[in-house]
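One structure below.
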Amino acid sequence: MPSAQTAAERIAELRSEIDAHNYRYYVLDEPSVPDAEYDRLFNELKALEAEHPELVTPESPTQRVGGAALAAFGQVRHEVPMLSLGNAFEEQDLLDFDRRVREGLDLPAGDLFGDGAVVEYSCEPKLDGLAVSLLYENGHLVRGATRGDGSTGEDISANVRTVRNIPLKLHGSGWPAVLEVRGEIYMPKAGFEALNARQLESGGKPFANPRNAAAGSLRQLDSKITASRPLELCAYGVGRSDGELPDTHIGILQALKGWGLPISRELKLAKGVAECRAYYDAIGAKRDALPYEIDGVVFKVNAVEQQRELGFRAREPRWAIAHKFPAREEITELLDVEFQVGRTGAITPVARLKPVQVAGVTVSNATLHNMDEVARLGVMIGDTVIVRRAGDVIPQILGVIAERRPTDARAVHVPEQCPVCGSAVERTQLIKRSKGRESVSEGSIYRCVGRLACQAQLKQAIIHFVSRRAMDIDGLGDKIVEQLVDKGLVRSPADLYCLTHEQVIELEGFAEISTRNLLHAIDASRKPSLARFVYALGIPDVGEETAKLLARALGSLDRIGRALPDVLVYLPDVGLEVAHEIHSFFEDEHNRTVIALLRERGVEPQEQGDVHPEFAACATLPDLLDRLNIPHIARTGAQRLAERFGSLEAIIAADWLDLRQVERLTEKAARSLRDYFDKPENAERARLIEAQLREFGMHWESERKAAEGLPLAGQTWVLTGTLETMSRDEGKARLEALGAKVAGSVSAKTTCVVAGPGAGSKLTKANELGVTVLDESQFIERLAQLGS
């Protein structure tokens with residue numbers, strides 16, 4: 001046991017450090033250490049104060065909950081303090097809690113399996129968000145507040161009123177005249193990912209995790225910002241109540257649910273500590289599948305009378321405990337950074353860490369993604385870093401604890417030569433191509449230029465090529481691929497089809513039967529579907545679904561290989577980024593050679609032939625003009641130009657006077673169009689696109705000819721609202737394939753309107769005009785009747 005003087009010094013250090021962390025966490029919304037590190041510091045302080053009670057002061061962090069409220073908000077005094085819960089980190093902590101509950105209720109002690117007098121506990125996940133108090137008077141929401149320091153919080157009434165699942169007026173009847181609801185406001189995982197995507201798109205700083213995002217959103221002085229954030233409430237209890245409530249915790253939560261307040265769908269009653277342990281294991285197993293982040297489960301004595309009997313201690317109720325999951329964030333030392341080479345040659349930094357337990361697993365490596373991420377984190381070799389591991393996700397470094405940086409820390413540098421093959425490493429600037437705006441820098445990537453001469457790239461390329469979703473060559477596992485490459489038997493995917501019996505049987509682990517089986521599997525893969533073959537090629541950004549789309553839409557490898565980016569983007573879900581990746585892949589001489597060798601050696605993907613009718617009907621002259629991104633020519637202007645001139649050549653040839661005759665085309669737009677096509681490269685680009693559309697059977701003139709005699713020829717349809725079984729683009733394509741014209745507005749000439757959920761003014765106008773309206777199920781039935 002340390003002396004009183006030594007203990008006093010350590011206690012002072014701990015209080016200072018904890019107070020600094022509290023300030024960053026509660027006031028600045030910028031946590032500086034993981035929860036697990038904070039808990040260790042707090043528990044050390046708590047233990048020292050227990051050994052030296054004479055050193056306890058009212059200002060100690062152990063004597064209060066959290067930190068002070070932000071000065072920018074009004075202050076709210078909690079009539080019933082919002083206390084935090086004690087924590088259980090190990091199974092024994094939970095058993096000790098149950099023992100203390102039994103002793104407090106004067107019940108017989110149970111054994112390790114909970115035998116003895118049974119205590120009933122409510123069980124629910126511990127959501128990772130911000131605790132709030134919602135005050136209802138006569139059923140109306142009158143105030144919302146944060147927990148703050150447990151006694152005083154922040155008045156965030158305007159902000160909580162923007163959270164969509166918080167009722168502004170209680171439902172039903174029987175609620176107390178005054179009811180204070182306690183709950184957690186959190187951000188679902190999907191909403192968090194979408195918010196961060198928007199932050200990055202707008203140049204903003206992404207949030208570290210959903211908890212920070214929820215807390216930051218609720219502490220906005222402008223409630224309009226809060227309203228734009230995907231926040232939700234989960235009620236978990238009641239503070240003040242002027243009226244009768246059920247006599248169990250679960251009963252109270254069910255009452256809240258009846259009054260319109262959301263509660264956990266995972267709420268459960270456990271009879272005894274053994275069932276609590278089973279609940280903890282069950283929630284832990286489904287943790288990653290839940291739509292929100294949790295960091296443990298909460299157990300509460302279910303009977304309210306027993307809660308009163310057990311009472312409180314200084315910081316927490318005696319009748320509740322939070323059983324935490326193993327920490328998903330920890331701190332450790334960055335020992336080194338090594339570089340790996342991926343299938344496309346990308347050089348990726350990998351952190352080598354001092355081994356640390358994270359979420360129950362020893363972690364010694366973590367991804368750093370790329371050098372832009374290294375720069376963003378400001379990480380150096382020797383730093384103390386925060387590491388996170390969640391589910392099957394590769395551990396990653398979240399941040400650096402800068403104040404712990406050693407004096408001999410070293411910067412991270414990309415090697416000039418590939419660490420595997422020694423080829424040069426080149427830096428490539430990534431470009432984001434977006435319709436209607438200039439290309440902008442999206443960071444950079446370092447690549448080994450060795451291609452398949454680099455064994456790391458070759459091995460990964462072969463592993464991908466033979467995988468189950470690609471060529472599906474059974475028996476060619478990673479270790480066998482490594483042998484084939486290391487022995488020089490395979491230098492490209494095409495070499496697989498030249499392997500002999502003599503070569504294979506010499507491989508480690510092979511005998512006569514396994515050799516015959518592997519050669520048979522290779523031979524059986526010579527006629528893959530076109531989609532499988534395209535996926536197997538390993539085109540950057542082309543996954544299994546995109547490969548299926550390319551095969552279905554374009555029908556042949558030759559067509560896919562020759563398609564211009566401006567034509568590829570007519571396919572649903574293929575944007576400019578992916579279109580350029582596909583085009584660049586097939587333009588590459590080396591890739592063309594590998595494909596030619598595969599075909600020479602008997603690999604023939606099974607092609608479907610023509611362009612699929614749904615996609616053949618996608619292109620229109622207005623759409624082509626719109627996709628050229630001519631300044632000041634919007635979609636409506638493109639439509640009027642097409643109606644006035646009828647062909648691309650006529651538009652290219654139109655002079656100033658001709659253009660000024662186009663209805664409602666401004667002088668600025670006419671001048672911009674003329675300036676655009678006066679540049680030969682622009683006119684050539686437009687002609688090349690049109691020529692390929694015509695060659696592929698996707699030209700609008702082909703569509704008009706094909707439409708003659710189709711069942712919906714001459715009809716005009718409108719799609720409005722959300723379609724749940726298909727995208728709007730797919731619905732449009734299927735209608736156009738049947739000869740219909742799909743318009744963007746409803747008029748007296750409209751034949752039919754398809755209205756999904758969320759249909760608005762178009763549906764109203766259709767009803768006013770007496771236009772036929774179909775819901776989605778009727779629409780699908782009509783398509784089926786017409787053979788689509």
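From the backbone N, Cα and C atoms, a Cβ is placed for every residue, glycine too.
What Swiss-Prot says about this one:
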type	residues	note
BINDING	D35, A36, E37, Y38, D39, S84, L85, E124, R147, E184, K300, K324	NAD(+) binding site
ACT_SITE	K126	active site, N6-AMP-lysine intermediate
BINDING	C418, C421, C448, C454	Zn(2+) binding site
DOMAIN	707-788	domain 'BRCT'
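Structure with Swiss-Prot features highlighted.
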residue: D35; record: NAD(+) binding site; contacts (Cβ under 8 Å, 6+ apart): D295, A327, E329
residue: E37; record: NAD(+) binding site; contacts (Cβ under 8 Å, 6+ apart): E330, I331
residue: D39; record: NAD(+) binding site; contacts (Cβ under 8 Å, 6+ apart): N87, F89, K324
residue: L85; record: NAD(+) binding site; contacts (Cβ under 8 Å, 6+ apart): V298, E316, P317, A320, I321, A322
residue: K126; record: active site, N6-AMP-lysine intermediate; contacts (Cβ under 8 Å, 6+ apart): I294, D295, G296, V297, V298, A322, K324
residue: C418; record: Zn(2+) binding site; contacts (Cβ under 8 Å, 6+ apart): V341, I347, A424, V425, C448, V449, G450, C454, A456
residue: C421; record: Zn(2+) binding site; contacts (Cβ under 8 Å, 6+ apart): C448, G450, A453, C454, Q455, A456
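One way to see the shell of the Zn(2+) site is to take the Cβ centroid of C418, C421, C448, C454; the remaining same-chain residues with a Cβ within 8 Å of it are V341, G345, Q417, P419, V420, G422, S423, V425, V449, G450, A453, Q455, A456, Q457. DSSP gives E37 (NAD(+) binding site) a helix state.
Figure note: comparing Cβ neighbours within 10 Å for the binding-site residues C448, C454, the maximum is reached by C448. In the three-state DSSP classification, K300 (NAD(+) binding site) falls within a strand. Summarising the NAD(+) site geometry, the residues cited as binding it (D35, A36, E37, Y38, D39, S84, L85, E124, R147, E184, K300, K324) extend over a maximum Cα to Cα distance of 26 Å. Take the CB of R147 (NAD(+) binding site) and look out to 10 A: across all protein chains shown you find 24 other CB atoms. Same-chain residues at least 6 positions away in sequence with a Cβ under 8 Å from that of K300 (NAD(+) binding site) are, in sequence order, Y121, S122, H249, Q307, W319, A320.
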